[in-house]
Amino acid sequence: MQPELEEKYNKLRNILLSIERLVIGFSGGVDSTLLLKVAIDVLGRDNVLAVTSSSETHPLSSLEEAKRLAKEIGADHKIIESMELSDERFSRNDKERCYYCKKILFSDLREIARDNGYSVMADGSNADDSLYDYRPGLRAIKELGVRSPLLEAGLAKKEIRELSKELGLPTWDKAAFACLGSRFPYGEAITSEKLEMVDKGEAFLKKYGFSQLRLRQHDQYTARIEVLSEDMDKLMANREEIVGSLKKIGYNYITLDIEGYRTGSMNELL
């Protein structure tokens, strides 16, 4: 392990050592999986609870993956049903959507923490997240007193992947993922039907092995596909099959974004 990474790893361990009992918002992604692993190593299984939200805004496959990872790590794992779509503040999909989503989720976690004697709530935000100019979700977790140990330790995404690999976690090279709500332009209402279309579309596209992928939906019938520039030839080579399958899902217009995959592309409209 490189000295700088080891220093940050030790800082993370010390941050966690200062916490007696911890509830972690666990998605099964790169960040929260590393946090859960190190927290259990430091505090022990009995002092850490992983909580995962079952929601229409996440693919069912991601919930199953979170269950599997929590079991492999040896974590006490609780699944809660999150009802974002029933909250009009979320479903109307204005620019504060992520703020309301985090408020809903971590308000539920706060009740779990209080009822079960856990002193701290934590999430997997990292040092890179603080660099983005628009992250309303970070504002929500700060208001609720949620800790972000990876961010506090100064761990960036690349370092989290490196450390995950050092610790033998299978998520070290897992593709980045965001809530399915991020696939829609702000101001376009989010519904169960739209989420199902995006989920089915991305699940189909993943079989081609794209290293990063987003299916952005504009109005009810237009799919805008984002992949890395080096994957565009692969997508075009399978164009007919992709178009046919996405039309069966319900899309009338299927487009390739030649600017390529980028995080938070809908924020470009703000």
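Each Cβ is built from the backbone N, Cα and C atoms, and glycine gets one as well.
Annotation for C179 (active site, nucleophile and sulfur donor): spatial neighbours T57, H58, C98, C101, criterion Cβ-Cβ under 8 Å with sequence separation of six or more. Look at TrEMBL and you will find C179 tagged as active site, nucleophile and sulfur donor.
Sequence annotations record features per position, and here TrEMBL assigns domain 'NAD/GMP synthase' to 19-81. The helix, strand and coil residue counts that DSSP assigns across the domain 'NAD/GMP synthase' (19-81) are 31 helix, 17 strand, 15 coil.
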